[in-house]
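> Structure provided below as structure tokens; questions to follow.
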Amino acid sequence: MTDLKNDRFLRALLKQPVDVTPVWMMRQAGRYLPEYRASRAKAGDFMSLCKNAEFACEVTMQPLDRFPQLDAAILFSDILTIPDAMGQGLYFETGEGPRFKKVVSTLADIEALPIPDPQKDLGYVMNAVSTIRKELNGRVPLIGFSGSPWTLATYMVEGGSSKDFRKTKAMLYDTPQAMHLLLDKLAQSVTSYLNGQILAGAQAVQIFDTWGGNLSSAAYQEFSLAYMRKIVSGLIREHEGRKVPVILFTKNGGLWLESIADAGADALGLDWTCDLGEARRRVGHKVALQGNMDPTVLYANPEAIRTEVKRILASYGKGSGHVFNLGHGITPEVKPEHAGAFISAVHEFSGQYHQE
Ligand code: CP3
């Protein structure tokens, strides 16, 4: 079970030597793939894909089958499984994004929230992880994930997606103690959820702090980074005889890289607003880096995509410690061939950066 045929993703996260730069894409299983849309139609809707281990496994494998050069698989699920397990009633309105039947507005609402038990309340995710690990059979490592407490809190307080997070920010500034209680409950939930995924077979984990970059610098430290640090310190860091690397991804967190690099994780995910070479000079002695091509480059022609891949590889320069990725998830309108051009370019052009 622990024999990996391709471990360059795990090696790069630990800054161990690799032959070429490993690559995967955030949201690599998704609507840009016709085979994903067919599976979703068969399952009925998005949450039915997530809640059925066979379907979750099927769609996790789709990008790997189409693009054999991918160096990692990511569990097919969603970050909003935790608020759903806390009783908020997650549903998806077609074309509208996520929504909750119950919204968190008051201290009493927060006090009433349970901390989900990963086995009992999120057993479907644990089943998906172990089913996918079996199906992968050591082909590439499996990434588990969760949202950050702050990012989850925005969805729970707004009741769905938001442009300005006005309710969440008002709660943060009006009743910081209430916000801290919510974030603390979420940090406990995320820690046991990620540990559950690791025990079920996830070989690396990523925390998606999609909305941390929307906070002021002071509020980011107090309301997002502090809770991610707490989670990282509670995670199982070695399993099945191997290190389980942790990746922190704060979108728009480029200004705070030094403090994020001090949170105890092995790697930082970068969005495309940072210069990768500069990020390496700032924090590369502490952590590996993952990223960071602008996902909209995938709308351009394969030749332009290859040029951008070369530029980013040169920006990082020689040596291990870089996992190539997009700076955020791939979007539904991208042509699969363009994703393919991106993935193959990473291996094609990165060998020169890994020779002695
Ligand atoms: O990367 C992967 O392939 C793993 C799967 C994955 C999904 N969501 C599947 C998904 C991951 C890692 C996520 C994380 C997630 N979910 C985040 C953080 C990452 C990020 O993008 O910043 C967030 C904020 C969510 C919440 C969420 N889920 C939103 C806002 C939406 C709707 C937006 C959209 O793209 O429609 C979802 C739905 C969702 N999650 C889809 C997928 C493939 C689309 C559902 C569909 O099939 O219609």
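Every residue, even glycine, has its Cβ placed from backbone N, Cα and C.
Those TrEMBL annotations? Automatic predictions, nothing curated.
Pulled the feature table from TrEMBL, pasting it below:
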type    : residues                                                         : note
DOMAIN  : 22-31                                                            : domain 'Uroporphyrinogen decarboxylase (URO-D)'
BINDING : ARG27, GLN28, ALA29, GLY30, ARG31, ASP78, TYR155, THR210, HIS328 : substrate binding site
SITE    : ASP78                                                            : site 'Transition state stabilizer'
DOMAIN  : 143-159                                                          : domain 'Uroporphyrinogen decarboxylase (URO-D)'
> With DSSP, how much of the domain 'Uroporphyrinogen decarboxylase (URO-D)' (22-31) is helix, how much strand and how much coil, in residues?
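Summed by class, the stretch gives 0 helix, 1 strand, 9 coil.
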> In sequence order, what residues of the same chain, 6+ apart, have a Cβ less than 8 Å from the Cβ of ALA29 (substrate binding site)?
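Within the chain, ALA29 (substrate binding site) has Cβ neighbours under 8 Å at TYR36, VAL59, THR60, GLN62, PRO63, ILE74, PHE76.
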> What is the separation, in Å, between the Cα atoms of HIS328 (substrate binding site) and ASP78 (site 'Transition state stabilizer')?
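HIS328 (substrate binding site) and ASP78 (site 'Transition state stabilizer') have their Cα atoms 15 Å apart.
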> How about long-range neighbours of the domain 'Uroporphyrinogen decarboxylase (URO-D)' (22-31): same chain, 6 or more residues beyond its ends, C-beta under 8 Å?
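Those are 8-9, 11-12, 37, 40, 59-60, 62-63, 69-74, 76, 143, 323-326, 328-330, 332, 339, 342-343, 346-347, in sequence order.
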> Going by DSSP, is ASP78 (site 'Transition state stabilizer') sitting in a helix, a strand, or coil?
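Note: ASP78 (site 'Transition state stabilizer') is coil by DSSP, not helix or strand.
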> Counting each residue once, how many in the domain 'Uroporphyrinogen decarboxylase (URO-D)' (143-159) are helix, strand and coil under DSSP?
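Helix, strand, coil within the domain 'Uroporphyrinogen decarboxylase (URO-D)' (143-159): 10 helix, 5 strand, 2 coil.
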> Considering each pair of residues in ARG27, GLN28, ALA29, GLY30, ARG31, ASP78, TYR155, THR210, HIS328, all listed as binding substrate, report the largest CA to CA distance in Å, no decimals.
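So the binding residues stretch over 23 Å, Cα to Cα.
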> So what sits near ARG27 (substrate binding site) in its own chain, CB-to-CB under 8 Å and at least six residues off in sequence?
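The answer is GLY329, ILE330.
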> At a 10 A cut-off on CB-CB distances, which of the binding-site residues ARG31, HIS328 has the highest count?
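Compared across ARG31, HIS328, the most Cβ atoms within 10 Å surround HIS328.
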> Taking only the Cα atoms, work out how far ASP78 (site 'Transition state stabilizer') lies from TYR155 (substrate binding site), in Å, as a whole number.
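Cα to Cα, ASP78 (site 'Transition state stabilizer') and TYR155 (substrate binding site) are separated by 12 Å.
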> Are there any residues at least 6 positions away along the chain from TYR155 (substrate binding site) with a Cβ closer than 8 Å to its Cβ? List them or say none.
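Within the chain, TYR155 (substrate binding site) has Cβ neighbours under 8 Å at LEU80, PRO83, PRO98, PHE100, GLY147, SER161.
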> Need one number: mean pLDDT over the domain 'Uroporphyrinogen decarboxylase (URO-D)' (143-159).
98
> Can you tell me how many other Cβ atoms are located within 10 Å of the Cβ belonging to ASP78 (site 'Transition state stabilizer')?
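Counting Cβ neighbours of ASP78 (site 'Transition state stabilizer') within 10 Å gives 18.
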